[in-house]
Amino acid sequence: MRLAHLHFPGITPFNTVSQIQQVLTLRNLAHKKAISSSYTSSTPPDPTIITFTPNPVYTTGRRDLPPSNTSSPSDQQPSLELSLPPPLEPIRPLLSSNDPQRNPPIAEYHPTLRGGQTTYHGPGQLVAYTILDLRRLGLSPRCHIRLLENSVIDLLSKYGVRGFVTSDAGVWVNDRNANANAQKITAVGVHLRRNISSYGIGLNITEEPMWFFKQIVACGLEGKEATSLERQGVKLSLREAADGFVQAFVDRLQADFPPGPERRREALEGVYEVGVEDVVGSSSSSSSSS
């Protein structure tokens with residue numbers, strides 16, 4: 001078993017990655033269903049990590065889903081028809097417009113099935129989605145979350161930044177300038193279905209996302225601030241952060257959850273790069289980006 005890494009350079013529409021994530025998730029679920037209903041064995045899909053930076057988008061997890069509307073505001077609904085959860089009502093003008101073509105919204109809104117509440121993703125941030133069969137990797141749901149957090153902590157440590165976890169989800173650092181309260185540098189939120197994971201982490205690389213975070217109570221944590229690697233004195237490209245996170249994930253998995261008789265886990269034999277066509281096929285990729 002090898003880990004596939006699908007990286008999108010530049011800014012990628014959130015919907016594009018969401019559709020690819022769904023393809024990969026359904027492929028894993030279909031494989032599980034096929035082997036459970038027959039005696040034949042087939043090769044399961046490789047675990048995959050997608051790394052990207054989306055257009056400005058606010059997302060809600062299951063705890064903050066709006067009362068109705070599961071569609072995306074990228075469909076350009078009129079502002080009065082856009083159903084928003086209470087945490088996003090104060091910034092409705094940023095998310096909707098009566099004339100989207102002349103005055104497009106500053107950010108999109110997308111409800112998701114991940115855990116957690118409301119957060120922001122956009123330029124200046126690395127988002128990494130992990131589509132994994134946790135059983136093949138010998139991971140419990142809690143171990144999966146810890147693996148994501150520890151992988152980020154290991155990446156930060158490489159650049160001299162001490163990250164840590166608290167009772168609140170995600171990865172935190174101390175303010176290097178004021179020694180004030182801990183600040184959140186990475187959000188973590190996942191979804192599981194039949195032990196197939198989706199979604200993952202959002203790591204702030206630059207200060208660009210900070211204005212967007214200040215418009216909301218991110219993750220429902222009143223009084224908590226976000227921070228970035230840039231504020232910690234680290235300049236890192238998206239590609240460097242993406243490759244660093246994937247490698248930290250593999251290293252931490254191998255160190256904390258080695259395969260063996262006491263742990264029913266398949267061995268991970270390295271990482272390989274894939275493109276969109278490799279993952280979903282040329283016809284699917286062209287339709288997903290249209």
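Cβ coordinates come from backbone N, Cα and C, glycine included.
Where the annotation comes from TrEMBL, it is an automatic prediction and has not been curated.
TrEMBL annotations:
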- 37-56: compositional bias 'Low complexity' (COMPBIAS)
- 37-117: region 'Disordered' (REGION)
- 43-257: domain 'BPL/LPL catalytic' (DOMAIN)
- 71-83: compositional bias 'Low complexity' (COMPBIAS)
- Arg114, Gly115, Gly116, Gln117, Thr118, Thr119, Tyr120, His121, Ala187, Val188, Gly189, Gly200, Ile201, Gly202: substrate binding site (BINDING)
- Lys184: site 'Lowers pKa of active site Cys' (SITE)
- Cys219: active site, acyl-thioester intermediate (ACT_SITE)
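Feature map: annotations from TrEMBL on the structure.
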residue	record	DSSP (3 states)
Arg114	substrate binding site	coil
Tyr120	substrate binding site	strand
Lys184	site 'Lowers pKa of active site Cys'	strand
Gly189	substrate binding site	strand
Ile201	substrate binding site	strand
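Residues 1-8, 10-14, 17, 20-21, 24, 27-28, 31, 106-108, 120-133, 136-137, 200, 212, 238, 242, 245-246, 249, 268, 274, 279 of the same chain, all 6+ positions outside the compositional bias 'Low complexity' (37-56), place their C-beta atoms under 8 angstroms from a C-beta of that stretch.
Compared over the binding-site residues Gly116, Gly189, the count of CB atoms lying within 10 A of a residue's CB peaks at Gly189.
Annotated pair Gly116 (substrate binding site) and Lys184 (site 'Lowers pKa of active site Cys'), C-alpha to C-alpha distance, rounded: 14 Å. Counting residue by residue with DSSP, the compositional bias 'Low complexity' (37-56) contains 0 helix, 7 strand, 13 coil. Listed in sequence order, the residues of the same chain lying 6 or more apart from Ile201 (substrate binding site) and placing their CB within less than 8 Å of its CB are Leu126, Val127, Ala128, Leu148, Val152, Thr186, Ala187, Val188, Phe245.
Tyr120 (substrate binding site) and Lys184 (site 'Lowers pKa of active site Cys') have their C-alpha atoms 12 Å apart, to the nearest angstrom. Just so you know, of the recorded positions Thr118, Lys184, the Cβ with the fewest other Cβ atoms around it within 10 Å is the one at Thr118.
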